[in-house]
Each structure stands twice: as structure tokens, then as C-alpha cells.
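Database features (Swiss-Prot):
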- GLU106: active site, proton acceptor (ACT_SITE)
- 112-350: domain 'Radical SAM core' (DOMAIN)
- CYS119-CYS356: disulfide bond (DISULFID)
- CYS126, CYS130, CYS133: [4Fe-4S] cluster binding site (BINDING)
- GLY177, GLU178, SER211, SER234, LEU235, HIS236, ASN313: S-adenosyl-L-methionine binding site (BINDING)
- CYS356: active site, S-methylcysteine intermediate (ACT_SITE)
Amino acid sequence: MAQELMFEEPRRGKPPRHLADFDAEGRASAVAALGLPPFRAKQLAHQYYGRLIADPRQMTDLPAAVRDQIAETMFPNLLTAAREVTCDAGQTRKTLWRATDGVTVESVLMRYPQRNTVCISSQAGCGMACPFCATGQGGLTRNLSTAEIVEQVRAAAAALRDEFGDRLSNVVFMGLGEPLANYARVLAAVRRITEPPPTGFGISARSVTVSTVGLAPAIRKLADERLGVTLALSLHAPDDELRDTLVPVNNRWKISEALEAAHYYAEVTGRRVSVEYALIREVNDQPWRADLLGKRLHGALGPLVHVNLIPLNPTPGSDWDASPKPVEREFVKRVRAQGVSCTVRDTRGREISAACGQLAAEGG
């Protein structure tokens, strides 16, 4: 049975507040409420964002007498690793996280020769109901808090440092959920990720990607924030007739509206927009659709667009599969012939259901 679109999360209790939920002013207020001197706020932020420590009992520059109090009030254990699985010779690791209310989400850490990327979740489940995506088939449980999002990043950065002596370079909001449907918390998380220590992790905004199925008003709103992050538009079809089915939000905002919003984003930020296109055998891989995709993107975005073709990854309950390689190559050639940059994405994590469209946070 097809899922219905859900833009509002079901009513649920909120996760406990955490240091990562607060901006600088909020941290100062939280520290003052504990009766601590103002400089402790910056100290705590430095420990968390700079040293990647999430347990005040390990913060040796804090008086021992206040560590337990700070742990209880500002550092609740929001996410517990319930399961980890790896593939690609240990270069890809998927973690199933369990939140304080029992909901589960997933993140995927991918190590490459020149970069280290973590794919993070912004919601538990997803309300966008895309039929080829495991997350969309499961529906929306709730939004994640800012701190629950940020904690996925801190955990990945700490793992890279402690296990490999390496640094986290890239963050992509491509895990569970539609990031722009959880706008305020995702925006706050992006700020924590990109601001320099001691107020954030200091990851370049150009190395942070926020994906969306095409919530046009929110794309424009994000452009006006002028954060400079990369926008990834999950398009998957160049014509409204097919996209209405593949990406049901298209019934609310048509392709032309999504592309106009993407053009606005590129114009305001100067950043090239990434267009994601899952190639599905005999569904959206026809030559004429490749031609139309190239024409529409070139007309809307000119040189400020790049197409990432994604070979469809298998998901439970779906009979669709990836297009054959010759069809894939022809599709790339035709899109490029329209003057649009196009490549096939390197797929990681398929064996452990960690690839694009496979995350569902099941089990544990």
C-alpha cells in the first residue's frame, strides 16, 4: 500500500536537551542556570566540538564536583550504537543508532583516499513516500533534534580520529528523512557543523551537502541563509507524469517549480547544484528522457548543475532494479550532449543496505 505524504511529524515527546542544541547564547544561559561561571560555556563547547568529547566525566579541566551535574543536564546520551556493520574492506561502516525513546536511525561513514564522508539522518523515517526508497516506504516517525543530528557527526569524527588518525572532511544529509522538512533543526545542525571551534566542528560549508526531493519554498529559504552548502535535488525524472509517481511531492511542487528554486539557489549562492537521478530499468532510463533531462537542466541552470546518476539499489518490496550498463552509458552520453555535466556515482555499502535509498533503520 502506498504511503501518503507527511510534512508534519506525529506528536511525540521531545528528546532531552543537549549542549549541541544550544547556540552560544543558549549555552551561556544553560551554564548560568547551573550556577557556573560564564567561561564554562566556552570550555564545554571546546571539549565537545574541538576535542570531540561527549562525556563531561572525561573533561579534566572541569571541577570533579560539577561533572556529574553537567553530564545529567547538558550531555544526555542521545544516541546509542545498537549495531555496526562494515563492507568495502572496512572502508564503509553503517551504524544503527537507538535514541532515548527507542526510535532508530542510521548513519554511514565512508573512507576514501582523499576524503572521509559521513552520511547522516535528519528524521526517523521519512514522509516523502518515494516508492523506490526503503526509508520512504516506512513513513515518518519523528524529526530528529539538532543535537541528535550533530551527534552523528561528532561520533564519525571521533571514530576517524581514534581508529585511523584521520579527520572527517565531508557531511551529506542523505540518510533517513527529508532534511528540508525538518528545516529549523537541520539549519541549526549545519551551523554547528560548519562554524569554527569552539562553536562548531569547522567543516567547510562547501563540503556539506543538503539533499531534498524538491520542497521549493524551503530551497529558496535555504538560499537566503547564504550558508554556501551544496544543494542536492533528488529529481529522478524529467517529466511530471512520471515524477508524480516516483517522487510524490511533485504533486505539490512540479519540476518547473523545483528547478526555478534550484536556479535561485545557484544564483544567490554561486554554488553548482547537484541533481540526483536514480536510474531504474525501463522506468526512467529511456533515451528521450535523457535528452529531456539535459535540455531542462541546461535551460534552468546552465553550467551551474551536475547530474549524479545513481544505479538503483535494491530495496525490500520493490521489483525495480538498476538499468543495464550499456543503457547507463548511453544515458550519460545523451545528458552530456545537452551541455550538462553528468557522471555515475560510485556506489558504496550495497551489501550492508547502506547505499542510497536502502537505509531503513530496521532491526537492532
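Backbone N, Cα and C atoms are what each Cβ position is placed from, and that goes for glycine too.
Annotated features, which come from Swiss-Prot, shown on the structure.
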{"residue": "CYS119", "record": "disulfide bond", "Cβ contacts under 8 Å, 6 or more apart": "SER107, VAL108, LEU109, MET110, VAL172, MET174, GLY175"}
{"residue": "CYS126", "record": "[4Fe-4S] cluster binding site", "Cβ contacts under 8 Å, 6 or more apart": "CYS133, THR135, GLY136, GLY138, GLY139, LEU140, LEU176, GLY177, GLU178"}
{"residue": "CYS130", "record": "[4Fe-4S] cluster binding site", "Cβ contacts under 8 Å, 6 or more apart": "GLY136, VAL213, SER234, HIS236, LEU246, VAL247, PRO248"}
{"residue": "SER211", "record": "S-adenosyl-L-methionine binding site", "Cβ contacts under 8 Å, 6 or more apart": "VAL172, PHE173, MET174, PRO179, ALA232, LEU233, SER234, GLU276"}
{"residue": "LEU235", "record": "S-adenosyl-L-methionine binding site", "Cβ contacts under 8 Å, 6 or more apart": "GLY214, ARG243, VAL247, ILE255, ALA258, VAL275, GLU276, TYR277, LEU293"}
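The separation of the residue listed as 'active site, proton acceptor' from ASN313 (S-adenosyl-L-methionine binding site), Cα to Cα, is 17 Å. Averaged across the domain 'Radical SAM core' (112-350), the predicted model reaches a pLDDT of 95. Annotation note: CYS119 (disulfide bond) sits in a strand segment as assigned by DSSP. Comparing the binding-site residues SER234, ASN313 on other C-beta atoms within 10 angstroms of each C-beta gives the minimum for ASN313. Taking every pair among GLY177, GLU178, SER211, SER234, LEU235, HIS236, ASN313, the residues recorded as binding S-adenosyl-L-methionine, the greatest CA to CA distance is 19 Å.
CYS133 ([4Fe-4S] cluster binding site) has a Cβ environment of 27 other Cβ atoms inside 10 Å.
By a simple count of nearby Cβ atoms, those within 10 Å, the most crowded of the recorded positions GLU106, GLU178 is GLU178.
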